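Student: Found this in TrEMBL, in case it helps:
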BINDING   T117, D191, E216, K246, D250  substrate binding site
BINDING   G282, E283, V284, G285, K286, G287, E303, N406  NAD(+) binding site
COMPBIAS  26-45  compositional bias 'Low complexity'
DOMAIN    251-412  domain 'S-adenosyl-L-homocysteine hydrolase NAD binding'
REGION    1-65  region 'Disordered'
Amino acid sequence: SQQIQFADDMQEFTKFPTKTGRRSLSRSISQSSTDSYSSAASYTDSSDDEVSPREKQQTNSKGSSNFCVKNIKQAEFGRREIEIAEQDMSALISLRKRAQGEKPLAGAKIVGCTHITAQTAVLIETLCALGAQCRWSACNIYSTQNEVAAALAEAGVAVFAWKGELEDDFWWCIDRCVNVDGWQANMILDDGGDLTHWVYKKYPSVFKKIRGIVEESVTGVHRLYQLSKAGKLCVPAMNVNDSVTKQKFDNLYCCRESILDGLKRTTDVMFGGKQVVVCGYGEVGKGCCAALKALGAIVYVTEIDPICALQACMDGFRVVKLSEVIRQVDVVITCTGNKNVVTREHLDRMKNSCIVCNMGHSYTEIDVTSLRTPELTWERVRSQVDHVIWPDGKRVVLLAEGRLLNLSCSTVPTFVLSITATTQALALIELYNAPEGRYKQDVYLLPKKMDEYVASLHLPSFDAHLTELTDDQAKYLGLNKNGPFKPNYY
């Protein structure tokens, strides 16, 4: 029924000039964008029916219906996507082979909430191969690759996720993972902290069995430190986000490549000579700026931290306040992990056809809520691209409704995700097998030795050969020949 109405609405649209500033008919549509022409190869099902996956009865080939995905029939296509990802995730596969015999996660019941992509699927299947049972939901309503979720469901993983979930679906999926008769999680793998938050809110007793939480995003880690400070963190947690192999690789190199991918797929924009402002010059901001500069864009940076600001200056970027350049820039990119970085006031002052997007984890950086008002018209132009039109005809191009650009609008380089996923797997193994008392109810960084192990697993891909210290050199530096080579704060 919604589908039919959608078609009528679109005809309706063409009759009115957009300048009239009528209440947008496409507003409700954009809130439930269920189109699945997502990332790179995501399955384009032209007969995309609008029945919610929650309403469908689906079973996999073994007769199990312990999952909820868009379409289980896409499993075979999803399997091929996973096999492609495996080609560039050799370290995770070698970890799988090395540890398959001893099954370090035997008895582990992991509940996970991450982006569900072909790369995450390789991680999930590695955890299963190491002995774990997994139940999984998505941490972003747009980043799920439907065909990959189907392949996981076909392989027997209890996965609850589809692209274009509504807010209510999002929490329902998380709830279905946690609240199960006869199955109780003893490990949490989270990205953004929503799963941890839900368990705290609804099922605090689950923490009696949990041996540890592994969290990989700035936002989620921030939430964990808040809990810890308030004395409310009742299990040990591993902060994977700040481990070197996440910060210096995923945040920097991944964003350096995927920012352009996301922008070009959605807008076909040319960057030479364009004026771009990047809010935040942490690792993500550094990656974005490097890529944009390399294509000839004029890049401005906004920053609150004098150290990061000085780094931006030394890298050749003008550090400004957003209000100083908002009238002239062609693209605004947020990478702060903060909230209300781009406010309605900024949006009102932008020039016509300015592109606005977010590279930070959460969707709080751009005040999108302030744009859902009667005087502004929303026009869905293509998947994940909305034109927000002001009464005078000015339009701002909003990507993915202010959610994570690269995972909502394109894909992320597989190799970098292999590094992060290997780090997550080792953190889970470490917390699950740690002797009683090694980890208290606090937030920990991954031991440096493990960071180095993750890096070493990835070197064979480049045919890289490490130099070994002589006994004399090791003594001179005061290091063990086998590492760790860097201090903990590195």
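Backbone N, Cα and C define each Cβ position, glycine as well.
Any TrEMBL annotation is an automated prediction that lacks curation.
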Student: Distance between G282 (NAD(+) binding site) and D191 (substrate binding site) at the Cα atoms, whole Å?
Tutor: 19
Student: I'd like the number of other C-beta atoms within 10 A of the C-beta of G287 (NAD(+) binding site), please.
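Tutor: Neighbour count, Cβ to Cβ under the 10 Å cut-off: 23.
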Student: Please name the residue among the binding-site residues G282, G285 whose C-beta has the most neighbouring C-beta atoms within 10 angstroms.
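Tutor: The most densely surrounded of these binding-site residues is G285.
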Student: Please work out the mean pLDDT for the residues of the domain 'S-adenosyl-L-homocysteine hydrolase NAD binding' (251-412).
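Tutor: The answer is 94, the mean pLDDT of the model over that range.
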Student: Between E283 (NAD(+) binding site) and D191 (substrate binding site), how many Å separate their Cα atoms?
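Tutor: Distance (Cα to Cα, whole Å): 17 Å.
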Student: If one measures from the C-alpha of K246 (substrate binding site) to the C-alpha of N406 (NAD(+) binding site), what distance in angstrom results, rounded to a whole number?
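Tutor: Given the Cα positions, K246 (substrate binding site) is 17 Å from N406 (NAD(+) binding site).
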Student: Starting from V284 (NAD(+) binding site), work out which of the binding-site residues listed here (T117, D191, E216, D250) have their Cα within 10 Å, and give them in sequence order.
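Tutor: If one measures from the Cα of V284 (NAD(+) binding site), the binding-site residues that come within 10 Å are D250.
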Student: Name the residues of the same chain, 6+ apart in sequence, whose Cβ is under 8 Å from the Cβ of N406 (NAD(+) binding site)?
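Tutor: Non-local contacts for N406 (NAD(+) binding site): C254, C255, S258, I259, D261, G262, M359, V412.
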Student: From the binding-site residues T117, D191, E216, D250, pick the residue whose C-alpha lies nearest to the C-alpha of G285 (NAD(+) binding site).
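Tutor: Closest by Cα distance to G285 (NAD(+) binding site) among the binding-site residues T117, D191, E216, D250: D250.
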Student: In sequence order, what residues of the same chain, 6+ apart, have a Cβ less than 8 Å from the Cβ of E303 (NAD(+) binding site)?
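Tutor: E303 (NAD(+) binding site) has long-range Cβ partners G280, Y281, G285, A309, A312, V319.
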Student: Between the Cα atoms of T117 (substrate binding site) and G287 (NAD(+) binding site), find the distance and write it as a whole number of Å.
Tutor: 22
Student: Across all chains shown, how many C-beta atoms besides its own are within 10 angstroms of the C-beta of K286 (NAD(+) binding site)?
Tutor: 24
Student: Under 8 Å between C-beta atoms and at least six apart in sequence, can you list the same-chain neighbours of E216 (substrate binding site), or say none if there are none?
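Tutor: Sequence-distant Cβ neighbours: T114, D190, D191, V240, N241, K246, T420, T423, Q424.
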